[in-house]
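A.B. asks: Pulled these features from TrEMBL for this protein:
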- 49-316: domain 'G-protein coupled receptors family 1 profile' (DOMAIN)
- 37-60: transmembrane segment (TRANSMEM)
- 72-97: transmembrane segment (TRANSMEM)
- 117-137: transmembrane segment (TRANSMEM)
- 158-181: transmembrane segment (TRANSMEM)
- 201-234: transmembrane segment (TRANSMEM)
- 255-278: transmembrane segment (TRANSMEM)
- 298-319: transmembrane segment (TRANSMEM)
């Protein structure tokens, strides 16, 4: 069965098929914009990058005594694990399709695989945005209100927060399976995602997904901007000579880098989803197929989003003090007050440390 032999979109058996146009020249167009080798290389680079970043994170976490820094590494580790699993799960379906060109109608007549892939796209897409906002909020309170909490959050509590983010994203991804909206096969027929058609359920789910992502990005921007301004003011204060702010600067540099990458990769797609859904509202469900230009633009924006999962781990790999100090020697940490007085007896050193 080819694309032209598919059942019409209104058929119950083709509930997740038929959203994009199946033209006679579909295969030639598909071959011109997709390549199994490109997709494979793209996925391997992302998986290796996240694995390398995860190894560096685990190595760094064992050498840290700072509770604030260790909790920040927990959030980073959760972000890297999410990106790695997102690439692994989606690539395990998309890459085989590019090689063997299986028929979705035969392989997945009940749309179970399509629903799983659509859920994965939403879950692993929303998690990094929510984790970025969570990390920005944690650093905001840690820098601007350091005495509002008795201590920084523990590793166990940090992992609990990561688990809550995963759970919330999972519930969001399950909404189409529970009846709000639906996942459908997208152009050029290798992946499934939310449906940009003027149906009430689809509109609500699309707006919920897009507006939640936009809100997360804006919240990260506000928290990070205030934190950077506060950190710059404290760092140049005379009293800051005796305050070790190098770790805070390192965390904020990494956090700002993650925010910039998420904004560049995600905002075009999120804004495009909102615009497309709102522009189709007057149609009142009469549109059964997405326009060709809409299909192609959606594919381009999804490819931009994929770069977020590849670039995220390199933010931590490259923007560490060990790397930055080699590039700019003036970033080496200043000596603490204890190193200026090496003759202090151990008991006095313990008091000063406390």
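Numbers here mean position along the shown chain, with the first residue as 1.
Using N, Cα and C of the backbone, Cβ positions are placed for all residues, glycine too.
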A.B. asks: Please determine whether the transmembrane segment (201-234) and the transmembrane segment (72-97) are in contact (criterion: at least three Cβ-Cβ distances under 8 Å, sequence separation 6 or more).
C.D. replies: no
A.B. asks: Looking at the domain 'G-protein coupled receptors family 1 profile' (49-316) alone, can you tell me the average pLDDT?
C.D. replies: 84
